[in-house]
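Colleague: Here you go, one structure.
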Amino acid sequence: MATTRYEPVAEIGVGAYGTVYKARDPHSGHFVALKSVRVPNGGAAGGGLPVSTVREVALLRRLEAFEHPNVVRLMDVCATSRTDRDIKVTLVFEHIDQDLRTYLDKAPPPGLPVETIKDLMRQFLSGLDFLHANCIVHRDLKPENILVTSNGTVKLADFGLARIYSYQMALTPVVVTLWYRAPEVLLQSTYATPVDMWSVGCIFAEMFRRKPLFCGNSEADQLGKIFDLIGLPPEDDWPREVSLPRGAFSPRGPRPVQSVVPEMEESGAQLLLEMLTFNPLKRISAFRALQHSYLHKEESDPE
C-alpha cells in the first residue's frame with residue numbers, strides 16, 4: 001500500500017473534500033498533505049478506477065509537468081483500499097503550513113501593505129490564468145484553499161478535484177460557504193471560468209477589509225447582499241430559466257466600492273468592479289486582470 005511510505009503527523013482539517021492529513025516522507029524528510037477520496041468502483045475486470053477519475057487524475061498529472069510556481073504540487077496518487085462499491089484513492093500534495101485566511105489573520109493592524117496585496121494578487125491571478133488556459137474551472141476559490149508559503153509565494157490548492165470528489169460529496173453532504181460564489185452559481189445557471197473571477201474579486205476586497213465582503217446565509221440572501229453593492233442588474237443580463245426571478249429582488253442602484261473598501265484607491269476599485277460584474281460574459285478574465293494598470297503601478301505614498 002503506497003501510503004504506508006508516508007508517516008502521519010497530524011490531522012490538518014476537514015473540508016468539502018474530506019479529511020486532510022499532514023504526513024512525512026521518510027525518504028526525503030519533506031512534509032506532504034494527504035487527501036483521500038472514495039470513488040465508485042469502475043466495474044471493470046478487477047474493479048479498477050472509473051474512467052472519469054483516471055481522466056481527472058491524468059489532467060492533474062499533465063499540469064504537474066509545467067511546474068507552475070503558483071499551483072500546489074501533486075507528488076503522488078495511490079489507490080489504497082477497495083470494497084465492492086468503491087475504491088479509496090489518496091492524493092499526495094506538497095504541504096504548505098498556512099492558507100490566506102491564516103496569513104491575513106496574522107497581519108498586524110491595519111492589515112497588509114498595499115504593495116503586498118498587489119504581489120499576492122499577481123501571483124493568485126497567474127496561477128488561475130494557468131488553470132483556465134488548461135480548461136480547469138476551480139469552482140470553490142476561497143481564502144482556505146489559497147496557500148501562502150513562508151517566503152510569500154501563493155499556491156492554489158483543491159483545483160481539478162470537483163469531479164473526482166462528486167461521488168464522495170454525494171455520500172457525505174457538507175455545508176459549503178456561499179460567500180465567494182458567483183451569481184450564476186447562486187442562481188443555478190450554467191457557468192464556466194468567469195465563476196472563479198467573481199471569487200477572486202471577493203478575496204481581493206477581503207485582503208483590504210480583513211473580513212468577507214458578502215456574508216449571506218442562503219442563496220437569495222447572498223444575492224441580496226451582492227445587489228446592495230453592485231445594484232440590481234438589468235433584465236437583459238438576468239439569465240433565463242434560473243432558480244430565482246429578477247422580480248424577487250427590490251430595485252436598487254450601485255454603491256461606490258469605497259463604501260465597503262475605503263482603503264482601495266480608484267484604480268483598484270475599478271479592477272474590483274470588473275471582477276464583480278454580474279454578467280459572466282462581461283466579467284474580466286484572469287489574463288486581462290493580470291495586465292491591469294493597478295497591479296503594475298507603485299502605490300502613491302501619502303507620507
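Heads up, the Cβ atoms here are built off N, Cα and C, so glycines get one too.
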Colleague: Looking at 50-56, 232-238, 239-245, I want to know which stretch Swiss-Prot calls region 'Required for binding D-type cyclins'.
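Modeller: Comparing 50-56, 232-238, 239-245 with Swiss-Prot, region 'Required for binding D-type cyclins' matches 50-56.
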Colleague: Counting by DSSP, what is the helix, strand and coil composition of the region 'Required for binding D-type cyclins' (50-56)?
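Modeller: Secondary-structure composition of the region 'Required for binding D-type cyclins' (50-56): 6 helix, 0 strand, 1 coil.
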Colleague: Which one of these binding-site residues, Ile12, Val14, Val20, has the sparsest Cβ neighbourhood, judged by other Cβ atoms within 10 angstroms?
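Modeller: Each of the binding-site residues Ile12, Val14, Val20 was scored; lowest Cβ tally within 10 Å is Val14.
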Colleague: Return the average pLDDT for the region 'Required for binding D-type cyclins' (50-56) as a whole number.
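Modeller: Per the prediction, mean pLDDT sits at 75 for the region 'Required for binding D-type cyclins' (50-56).
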Colleague: Does DSSP put Ile12 (ATP binding site) in a helix, in a strand, or in coil?
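Modeller: Reduced to three states, the DSSP call for Ile12 (ATP binding site) is strand.
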